[in-house]
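Per TrEMBL, the features are as follows:
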TRANSMEM  6-27  transmembrane segment
DOMAIN    24-410  domain 'Cation/H+ exchanger transmembrane'
TRANSMEM  39-56  transmembrane segment
TRANSMEM  68-92  transmembrane segment
TRANSMEM  104-126  transmembrane segment
TRANSMEM  138-162  transmembrane segment
TRANSMEM  174-197  transmembrane segment
TRANSMEM  209-228  transmembrane segment
TRANSMEM  249-279  transmembrane segment
TRANSMEM  327-353  transmembrane segment
TRANSMEM  392-414  transmembrane segment
DOMAIN    470-609  domain 'Cation/H(+) antiporter central'
DOMAIN    622-660  domain 'Cation/H(+) antiporter C-terminal'
Amino acid sequence: QGDNPLDFAFPLLIVQTTLILVLSRFLAFLLKPLRQPKVIAEIVGGILLGPSAFGRNKDYLHRIFPSWSMPILETVASIGLLFFLFLVGLELDLSSIRRTGKRAFGIALSGISLPFICGIGVAFVIRKTVEGADKVGFGQFLVFMGVALSITAFPVLARILAELKLLTTQLGEIAMAAAAFNDVAAWILLALAVALAGDGPGEQKSPLISVWVLLSGVAFVVFMMVVIRPAMKWVARRCSPERDVVDEAYICLTLAGVMVSGFMTDLIGIHSIFGAFIFGLTIPKEGEFAERLIERIEDFVSGLLLPLYFASSGLKTDVAKISGGRAWGLLMLVISTACAGKIIGTFAVALMFRMAVRESLALGVLMNTKGLVELIVLNIGKEKQVLNDEVFAILVLMALVTTFITTPTVMAIYKPARGSSALTHRKLRDLTNTDESKHELRILACLHGLGNVPSIITLIESTRSTKKSQLKLFIMHLVELTERSSSIILVHRARRNGLPFINRLRRGVWHDRVTGAFQAYSQLGRVSVRPTTAISALSTIHEDICHVAETKRVTMIVLPFHKQQWRGEGDEQTVENVGHGWRLVNQRVLKNAPCSVAVLVDRGFGNGALTPGPTATPTAQSVCILFFGGADDREALELGGRMAEHPAVKVTIVRFVENEGSERNGVLLRPSASKSNEKNYSFCTAKLNPEKEKASPFNYFY
């Protein structure tokens, strides 16, 4: 029709959103080997799209990001920001502050006060050297600079700790509690800064107005905690796991509550994100309701809307404004002051609380994480015209640098001990050769999901000896750690119990079903079951498996094959492939495990009728062991020896030989079973014919 779609608001918003998402995801992919949080990629992506890089081409800037389109982009991004701060409030568990007590409080207090004082000092320098900085009111500029240097980004810190496997350590617990306190204090200071700033520098207001704004803010927080919090607890009980269907009205009511809370704080004179954050704190962290809320909104908010906010921040950031030696010297001053104030303040108080030097230093570096929350503070400062373009650009780069150096610096300073490097390799044969009354068989069985449960129970029941020592079973649910808030909440819950992630407090549906299935099974015989959860990135989850196997003195690890639940329906077969990443996990466990490892391939024969029990008939289960020779096969024979003692299991051993001569001269070691169970064995010898290999029609081990 002759019109250009980019001249209209909605098509242009679609193009802008797509461009921002593609660039931020591409940068996140590039920065992944450096173990950087996703927020770094989103901030850098925004800066690249803005006047600092691509925006130097004026045709591109006027066509893709014209000035008339920016209010629309910022409005959509602000909705994402509102719900993101609600998610931050959901993640923040205030009870963690109470659990760690005075130590976290003291560390957080020093981690705020010293950088805040340093920020005030830097503010004096900036007002003298940066043109136009002295036009802003003295008090509001000092408060904004103090908040900018003293803040700790709680959401980014949680992901860095989880990525480094520090979240379940004492260091991680103190860091999270101190960051939680720091977060709350930062929002209070930000509310103070916004109240002081008013609508801009040109406005002269009575100081009483700022006092009224703060008092109204305090009244709002009290109202939310006294009235709304009990109401949300009632809503959470209505959405408990016992009720199969969650009324959508409660979800919609909560989402509307986020908007209303934001409007109320905006009406008071504090930024709307403050209301959303406080409303997130009122949601009870126990139970399913918080998780279901996160499942509804986190991908849409964190994946789509939040990158728009960082892009709009980047479009306001012009690195070219930092020109000349004076400006770059100011940037170095701001970065060094921010790092020194935070690290020295935290380090000194941590030493006073008798923490180790390395732990104290690592804690200081961790508390120096900026990122998300810092950007929000800076944007509000620019919106209120407290920060000009040059100061804004300097502080954005400071936030980027301090967050970027956190992960590599902590990795260099501190790595918690994961047991001795000289691991003792435990075998099933070791149990046979020792006093059976003193040693129980300990098995660590790993699961991807509920589909693995029947075959694991079938295998463990077959292994349960009626005469030998008790069997102790550790069930480990393997959960991939992602950028999603829900995976961080899983880690928070596991953190209460330390390593391994013993999930007694978790009441999730998955956990209830698995725990119920295995607890019911444990009543069948001498089997003790303990469910655990490992939450980690796929590249390092094998460390958790091996660590638990070592600390719990496990004799055998059972891993699910990466292609699971091969079910045949007539002539059709369905293969559920959980991904190549899990195959690499299995390979790393096989390489590093301190005990024997079995990979269980589930052909779908463990579902239902084939599970043997105490009253099962002797022909209920037939097990075939293929013996080629070597240490692995002898370990399989030991497992077969335990199986043969079960009254419902018949074991057949097939020995493969290369030629007739080796068949006569070779010796086949029989499993150490009692003579009473010799009837459960049958032996045969087969010639090896690799040309006629065929997939076996039963569950089997590698």
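Glycine is treated like the rest: Cβ placed from N, Cα and C.
Secondary structure by DSSP for the domain 'Cation/H(+) antiporter C-terminal' (622-660): 15 helix, 15 strand, 9 coil. Counted over residue pairs separated by six or more positions, the transmembrane segment (249-279) shares fewer than 3 Cβ pairs under 8 angstroms with the transmembrane segment (6-27), which leaves the two as not touching.
Contact check: the transmembrane segment (6-27) against the transmembrane segment (327-353) gives fewer than three Cβ pairs closer than 8 Å, residues 6 or more apart, which falls short of the contact criterion. The average pLDDT computed over the domain 'Cation/H(+) antiporter central' (470-609) stands at 71. Counted over residue pairs 6 or more apart, the CB atoms of the transmembrane segment (174-197) and the transmembrane segment (104-126) come under 8 Å in at least three pairs, which marks the two as touching. Of the candidate ranges 39-56, 209-228, 392-414, 392-414 has the most C-beta pairs within less than 8 angstroms of the transmembrane segment (138-162). Per-stretch counts of Cβ pairs under 8 Å to the transmembrane segment (104-126) identify 327-353 as the leading one among 39-56, 209-228, 327-353, 392-414. Below 8 angstroms of C-beta separation, residues 103, 106-107, 109-111, 113-115, 117-119, 121-122, 125-126, 129-130, 149-150, 152, 178, 321, 359-361, 363-365, 367-368, 370, 390, 394-395, 397-398, 401-402 of the same chain, each at least six residues beyond the ends of the transmembrane segment (327-353), sit close to that stretch. Note on the transmembrane segment (209-228): residues 191-192, 195-196, 198, 257, 261, 264-265, 268-270, 274-275, 278-279, 281-282 of its chain, located 6 or more positions outside it, place their CB under 8 angstroms from a CB of the stretch.
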